[in-house]
Amino acid sequence: MTAHLKKAELHCHIEGATPPELAVRQARKYGVDTGTIIRDGAYVWEDFTSFVKCYDAVASLFRTEGDYALLAEAYLTELAEAGTIYSEIIVSPDHGNTVGLGADAYLEGLAAGMEAAKARKGIESRMLITGIRHLGPEAVVRTAEYAASHRHPLVTGFNLAGEERMHSVAEFSRAFDIVRDAGLGLTIHAGELSGAFSVRDALDHVRPARISHGVRAIEDTDLVRRLADEGVVLEVCPGSNIALKVFPDFPSHPLRRLYDAGVRVTLNSDDPPFFHTSLAQEYEIAAHAMGFSDGEIDRMTRTALEAAFVDEPTRERLLAALHI
């Protein structure tokens with residue numbers, strides 16, 4: 001059991017953390033039929049494309065600051081009750097704009113929920129604004145410009161998510177230059193749906209501190225060595241990888257091989273209810289399906305805190321809290 005271990009998470013898309021029962025309540029609030037996206041209490045999707053459609057449908061059920069405050073507080077409370085001391089949530093102002101709420105109000109709603117969870121449960125959290133890859137490079141530049149100019153104290157990083165097989169990484173280098181110059185931490189989805197080349201491209205064109213997923217780097221021994229040598233942190237999401245058929249099962253998942261090769265890896269849940277998982281379950285998977293010891297799992301949590309996009313005093317407090 002890993003319930004006694006402190007936890008930290010760097011990779012969870014906040015709309016993707018919506019429990020189906022909360023989605024149903026939101027749908028009733030707005031008179032929306034969920035029959036095509038929820039069946040028998042579970043989200044309905046078959047592949048990455050249909051997963052994105054289901055995700056977007058769920059995101060459309062959150063339309064006010066209060067809705068987003070509720071979502072953020074609920075998720076962070078769940079994490080805190082499982083022993084989590086730090087969380088980074090991936091947020092998309094594009095969703096706020098799509099529902100007519102606006103990006104500013106979207107972030108303020110989430111921030112209110114984050115602050116409420118901290119007040120009630122003590123959990124520290126930050127937001128990473130994400131560009132949506134399949135919306136194209138210019139849309140991502142606009143998101144980057146917004147992230148760079150809207151300096152909310154809880155927004156500390158920038159990500160690129162979405163359909164990894166659309167557009168080259170190089171096409172997004174301008175967007176990452178904008179947020180790098182603004183002092184935001186950088187991470188990018190790579191090495192999930194696309195192979196090792198996408199991780200290499202991300203390192204060459206974006207120069208991120210972290211890679212979201214990155215697990216298909218295992219296909220290239222030289223790349224694995226480069227990740228280890230450069231200290232790039234991978235935000236690994238085993239349950240997501242199995243659900244999306246990146247790997248067929250946990251025994252074939254490369255987390256153990258990456259760890260043993262000296263790559264800095266962390267445990268994350270990605271879009272937990274969509275993939276029938278949770279951060280607590282990811283820790284259990286690491287222990288029981290992958291054979292990691294408590295000490296090794298603790299090391300991954302420490303890596304997450306060392307790589308967190310926070311100021312140094314906050315990092316020191318979190319590291320000190322790891323073994324209290």
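Placed from the backbone N, Cα and C atoms, the Cβ positions cover glycine too.
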Would you identify which residue of His189, His205, His323 Swiss-Prot lists as part of the Zn(2+) site it also attributes to His11, His13, Asp270? His189
Out of the recorded positions listed (His13, His189, Glu192, Asp271), which are within 10 Å of His213 (site 'Important for catalytic activity'), Cα to Cα? His189, Glu192
Cα separation, Asp271 (substrate binding site) to His189 (Zn(2+) binding site) (Å, whole number): 14
Any idea what the Cα distance is from Asp271 (substrate binding site) over to His13 (Zn(2+) binding site), rounded to a whole Å? 6
Number of Cβ atoms other than its own within 10 Å, given for Glu192 (active site, proton donor): 24
For the Zn(2+) site built from His11, His13, His189, Asp270, further residues of that chain with CB within 8 A of the site's CB center: Cys12, Gly16, Ile90, Asn159, Ala161, Ser212, His213, Glu235, Cys237, Ser240, Asn268, Asp271
Give me the long-range Cβ neighbours of Asp270 (Zn(2+) binding site): same chain, 6+ apart, Cβ under 8 Å, in sequence order. His11, Cys12, His13, Gly16, Cys237, Gly239, Ser240, Thr277
